[in-house]
Amino acid sequence: MQLLLYSLIFFSGVSALVYEIIWSRQIGLLFGNTAQSAGIVITIYFLGLAIGYKWAGKTIDSRQGPLRHYAIAEMFAGLWSFCVPSLLQYTSMNFPGINHDHELVRTVLRLTCITMIFFPTTIALGYSFPAFARFLATQQHNSRKPIITSYALNTIGAFSGVLFTVTLSIYYLGITGTNHTAASISFVCGLVAFMLSIKCKDNCPVNDDIQSKSTSLMVYCLVILSGFSILGLEVLYIHQFSLISHNSVYNFSATLCSFLFCLSLGSFLTNYLAKKTHAYFVLICLAVSFFLPLSLQFFHYATHGKLFIFANNFALYITYYFLFNLCVVVLPITTMAMILPLCWGHLKSQQAKTIGNLTFINTIAGAIGSGVTTFILIPHLGFYASFIFFAILYWCASIILLWHFAEKKYRFLPVYAIVLAICLFSPLHQYQRKKHQVIWQKDTFYGPIKVIKEKRSGNLKITQNNHYSLGSSFAEIREKRQTHIPLLLHPSPQHVVFLGMGTGLTAKGALQHQQVKHIDIIELIPEVVRAAKFFHRERDSIFEDKRVNVIVNDARHHLYRKHKFYDVIISDLFVPWHSHTGYLYTVEHYQSAYKSLKEDGIFCQWLPLYQMGEREFRIITNSFSSVFSNTSLWRGEASNSYPLVALIGFKKDVVNLANTKKRIRKLQTKRKFSVALKTGRVKILVPTDKFLHSERFFSLYMGEWKYQGRPLNTDDFPLIEFSTPITQHKSQFLHGVKWKNFREEALSKLPRKYRD
């Protein structure tokens, strides 16, 4: 009987985390993968849980059959969750106000719609745990051990839910299939619990003990501190580990799993502590204030800010990465995780009211902590100072508790002084390399953004998370070529949009084309726009030209929602394995781009082949050509080390060889497009880009790609995001010899439409 009950609460945890992961992806697709969208999902999810906890705390104790109430809540959560994907799609199609131009109106309407869709499930999930705890209390004569054990098992279930979703479910079942699987789990848990409630005794009273007001206040303050800091530190640790990882969905999940494991471990450990003592709270708070700076120092000395590359085998790599995450977070997070279960036991009563109220407060504090860390602490204090902020919070809490409860408090002051010194004087490492000079930097929700200058060459570069380059002044010629190729293929490109900004040098290439009347540049990260200004000091920059409009938004979402039409759409280079970046390579995204083109429009998708394997290349190219039946391939780089290929899709065949050559010759007369070389008494204009010559331009043309069938990369089955990290660790990326062989064996046989 008890094993079956524990199994129910375990699988409840599985489904709860699956919902959170799946819904955050679906909201990102509808409203853009921005910091605001992520914040909305977290806020609504935790607010719904909190309301459920509070509701259960008020009503369960006065009702008969708490197990039956748990069963009804789980079944309702499952049934409603079946409808969530359809409701989200219906809302996006029939409520245009959620994409209102005014930010405040748009945010309010989105919050309202998401609240109405998510609240039924999240409130039911929140309601179920206090009801389950109330039933356990009736069966175990008010013992706290089974309740704390069930809480720990619920957290382990959440851990398992992350593993299930990332390693199996999304890849094989898709987003919708995963959602329905989680809904089925919730419903089955409820159904089994309902059948058990019929057979077992389900209505025994529970005695309640009244605590002093001072003790209750202390407990509530600790619960608030615990919730606020755990969710805030989760945000910080995720950002910290992004500095040493490839930021794939697997890396993110490993960090989340290490957190959930520590939360569960902390809950289990409270079973072995005394039921009621203030000393534990004093020691826990002091220990956390010591463990947090210790965790930072361990992370620094173990990594020195370098990428975590431990094994060629992917399964081995992600296992080691998880274990390293666990080593970094285990002491501070496990210690913090003990506070909430200890507070349940400290108030002694195991009624649903006690558990519901404390968990309600903890959850609300967690949602606030996540938001405060993301939008206030990180931008204003930075990552490492934010860690120290939380350490000092716990140090202050510990000394207040010591002063309130300890009799010989002065003897502990030297210990507190040492811990405070460790917090305040712990070095904050910025991982600056000797070869680089940091010109400008800003910590953001998307990671630290820096403009660095190479001391030897003087080249500027924008980096994200220390190791991912968003572009360099060294590559200016190649980046401008990424613009010239598609614009020269269009007979009269007047309205152009760039998906992604980087340094802005790619978009700058469009300024040299007289036909271009309007340029939109869409960039997700506001700080990247600020960083790009360091690359545009001269007068003819994209920030001075009146034709240019820079938009801070999710590029995919902008195309989907803004009913503007363009002659040419140019999609920049995006790392395929970065979490959620794979959605910029889906069929649905290409369909949105197709609808945003004029009748003779061109869509250009640049692919970094040195960041994908042959399988990923074929999946993306077939996804692209399933929408653009007229698709041609163009080289962007002659090098075999870092090959670039453009997929250029035409709504209709508009390429005119004579017109293209004429425009190339006209461009060669422009300043900064060509340089003047003196040969005897004659000056010759030579293009700065050797390929942008009327006689060599079409040597970049590789041939026509015809649709070859499935598998395709779609919103429901984001294959690229999940397969590319595995390909990377198998060393199967298309560069060097692999790219040369693939080009000769497969691409050289493509039919050619244009012959110079």
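Glycine too: its Cβ is placed from the backbone N, Cα and C atoms.
TrEMBL annotations: computationally assigned, not manually curated.
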**Prompt:** Among GLU523, GLU527, GLU588, which residue does TrEMBL name as a further S-methyl-5'-thioadenosine binder in the site formed by ASP554, ALA555?
**Reply:** GLU523
**Fill in**
Lying 6 or more residues past either end of the transmembrane segment (180-198) yet within Cβ distance under 8 Å of it, the residues of that chain are 1, 4-5, 8, 11-12, 14-15, 18-19, 22, 65, 67-68, 70-79, 81-82, 161, 169, 173
**Message:** Cβ under 8 Å, sequence separation of at least 6 from the ends of the transmembrane segment (35-55): give me the contacting residues as numbers and ranges.
**Reply:** 19-20, 23-24, 27-28, 73, 107, 110-111, 114-115, 118-119, 121-130, 231, 355-357, 359-360, 363-364, 366-367, 370-371, 374-375, 445-446
**Asked** Can you name the residues of this chain that are 6 or more positions from ASP554 (S-methyl-5'-thioadenosine binding site) yet have a C-beta less than 8 Å from its C-beta?
**Response** GLY28, PHE31, GLY32, ASN33, THR34, ILE522, LEU524
**Fill in**
In whole Å, the longest Cα-Cα distance within the recorded S-methyl-5'-thioadenosine binders GLU523, ASP554, ALA555 is 7
**Prompt:** So which other residues, same chain and not among GLU523, ASP554, ALA555, have a Cβ within 8 Å of the centroid of the Cβ atoms at the S-methyl-5'-thioadenosine site?
**Reply:** GLY32, LEU499, GLY500, ILE522, LEU524, ILE551, VAL552, ASN553, ARG556, HIS557, HIS558
**Asked** If you count Cβ pairs under 8 Å, which stretch among 67-88, 219-238, 320-343, 384-403 touches the transmembrane segment (280-300) the most?
**Response** 384-403
**Prompt:** When you scan the chain for residues with a C-beta under 8 Å from the transmembrane segment (219-238), skipping those not six or more beyond its ends, what do you find?
**Reply:** 46, 211, 252, 255-256, 259, 263, 281, 285, 288, 292, 325, 328-329, 332-333, 336-337, 339-340, 343, 346-347, 358, 361-370, 372-374, 377-378, 383, 386-387, 390, 393-394, 397
**Prompt:** Which residues, given as numbers and ranges, are at least 6 beyond the ends of the transmembrane segment (355-378) yet have a Cβ under 8 Å from it?
**Reply:** 35, 38-39, 42-43, 46-47, 49-51, 53-58, 60, 126, 129-130, 133-134, 147, 219-220, 223-236, 239, 340, 343-344, 347, 386, 389, 443-445
**Item:** Distance from ASP572 (active site, proton acceptor) back to GLU523 (S-methyl-5'-thioadenosine binding site), taken between C-alpha atoms, in Å
**Value:** 10
